[in-house]
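Undergrad: Handing you this structure, nothing more for now.
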Amino acid sequence: MTSPKDVLRKNLKLIHGCPITYAFANNWEKIEQFQSRPDDIMIVTYPKSGTTWISEIVDMVLHDGDVEKCKRDVITAKVPMLELALPGLRTSGLEQLEKNPSPRVVKTHLPIDLIPKSFWENNCKIIYLARNAKDVAVSFYHFDLMNNLQPLPGTWGEYLEKFLTGNVAYGSWFNHVKSWWKKKEGHPILFLFYEDMKENPKQEIKKVVRFLEKNLDDEILDKIIYHTSFEMMKDNPLVNYTHLPSEVMDHSKSSFMRKGIAGDWKNYFTVAQNEKFDAIYKKEMSETELQFRTEI
């Protein structure tokens, strides 16, 4: 029987060439064989791109903005993470998904190549939320400081090098966003940008409403915007991850919901780091029309 201490602060494990959090990487065939339902809705993000934010928005849209219904459980139960496994600590994502009624909402950080094939076979709707790489790198660094399921991040400079080479959980940010952007040409994928959502949440939430074939009036939309604002979510124990054991997430090192802004990278990148990042970014993104804003 695996105990929590067996999976904490372990090196990432390669699954089909992609580095995956050690605790999640056992029994991978169960992930591959996962049977989706045709009305499943999948939320996909690269880590630290607004996953919890869009998850709560989708839950509120599906429940017509009913705040009480959305308080029915913690976010990790309402929107289970497909690959989540915390041996000896809590229900796995797969076990939680089996319990949840349809239409289920499932979240994942997996790259396209690791998505269970049943999601493609069932033509499940997918919402992909992308965030600019500089802010993701800073947020991921702080996340790895407090998330004991991840390897220790080292210094910010050391971590940035790992991020740029894709030697972090879920691999290369560049490959992740580019492949999902391309995939939307042949699959029902709503591709959203974190920066657009910060700038004009109503406009972006309306896209979610249309995509999920709901019909919500302005009053309900305003309620959803209010209840999914960063300030409200940071103080909401159902979504701010304080419900997880401190041996897994140590909020004394960094809070799960830290700042929730665009442009915080400027407080961390040195001039040299920024120049190197920009050069690699230009090369990696040269073949795609996908564009990001690093501030709003």
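Including glycine, each Cβ sits where the backbone N, Cα and C put it.
In case it's useful when we look at the structure, here is the feature table from Swiss-Prot:
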ACT_SITE  HIS109  active site, proton acceptor
BINDING   48-53, ARG131, SER139, TYR194, 228-233, 258-260  3'-phosphoadenylyl sulfate binding site
BINDING   LYS107, THR108, HIS109  substrate binding site
Undergrad: Taking 10 A as the limit, how many CB atoms besides its own sit near the CB of LYS48 (3'-phosphoadenylyl sulfate binding site)?
TA: 21
Undergrad: Around the substrate site recorded as LYS107, THR108, HIS109, what other same-chain residues have a C-beta within 8 angstroms of the site's C-beta center?
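TA: Leaving out the recorded residues gives MET42, ILE43, VAL44, THR45, THR51, MET81, LEU82, GLU83, VAL106, LEU110.
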Undergrad: In whole Å, how far does the CA atom of ARG131 (3'-phosphoadenylyl sulfate binding site) lie from that of HIS109 (active site, proton acceptor)?
TA: 13
Undergrad: Tell me, in order along the sequence, which binding-site residues from LYS48, THR51, THR228, GLU231 have their CA within 10 Å of THR108 (substrate binding site).
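TA: Those near THR108 (substrate binding site) - Cα within 10 Å - are THR51, in sequence order.
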Undergrad: Tell me which of the binding-site residues THR51, THR228, GLU231 ends up closest to the residue listed as 'active site, proton acceptor' in space, Cα to Cα.
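TA: For the residue listed as 'active site, proton acceptor', the closest Cα among THR51, THR228, GLU231 is found at THR51.
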Undergrad: I need the CA-to-CA distance for LYS107 (substrate binding site) versus THR228 (3'-phosphoadenylyl sulfate binding site), whole Å please.
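TA: Cα-Cα distance, LYS107 (substrate binding site) to THR228 (3'-phosphoadenylyl sulfate binding site): 17 Å.
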Undergrad: Here are the binding-site residues: THR51, LYS107, ARG131, GLU231. Which has the lowest count of other Cβ atoms within 10 Å?
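TA: Ranked by other Cβ atoms within 10 Å, the binding-site residues THR51, LYS107, ARG131, GLU231 bottom out at GLU231.
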Undergrad: Could you list the residues of the same chain, at least six apart in sequence, whose Cβ is under 8 A from the Cβ of THR228 (3'-phosphoadenylyl sulfate binding site)?
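TA: Once residues fewer than 6 apart are set aside, THR228 (3'-phosphoadenylyl sulfate binding site) is near TRP53, GLU56, ILE57, MET60, PRO201.
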Undergrad: Using DSSP and collapsing to three states, where does THR51 (3'-phosphoadenylyl sulfate binding site) fall: helix, strand or coil?
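TA: SS state of THR51 (3'-phosphoadenylyl sulfate binding site) = helix.
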Undergrad: Validating a neighbour-count step here. Other CB atoms within 10 A of the CB of THR108 (substrate binding site): how many?
TA: 23
